[in-house]
Amino acid sequence: MNPLVLAYMGDTIHDLFIRTTLAVRGDGLVNCLNRKAVRHVNAHGQAVAVQDMMEGLTEEEQDVFRWGRNAKSATSPKHADIQEYRKATGFEAVLGYLYITGRTERLAELLTKAAAAVKEEETCQRQP
């Protein structure tokens, strides 16, 4: 399978996981939840997350990461430098690969680690 297709799948999976996690917490205002979600799922947030977990990836996952990172994309990053964008694409490819191959426990483990790697400084509660 094309690594960019895996990244496409991984991007969707990561986005859904983060948005579900934030919504279930009941953190409040939708606009604020969206800002929090974007911090996790943008190229910078994904690059930070994958950097923190690279040593914990299996050899196979590292191969998929490199395959995704080195894939030539027709699009260019809008809000990230090229290194962050490529790391994010590699990370998304790993997530897509785990999903497509049915390794849902490992997928959940990596998604949880990625969510913990991005610091949340904002609360979304309504002010009285």
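Every residue, even glycine, has its Cβ placed from backbone N, Cα and C.
DSSP assigns Asp11 (active site) to a helix. Around the Cβ of Asp11 (active site), 19 further Cβ atoms fall within 10 Å across all displayed protein chains. Per TrEMBL, the feature active site maps to Asp11.
As annotated by TrEMBL, domain 'RNase III' applies to 5-102. Here the domain 'RNase III' (5-102) is broken down by DSSP into helix, strand and coil counts: 77 helix, 0 strand, 21 coil.
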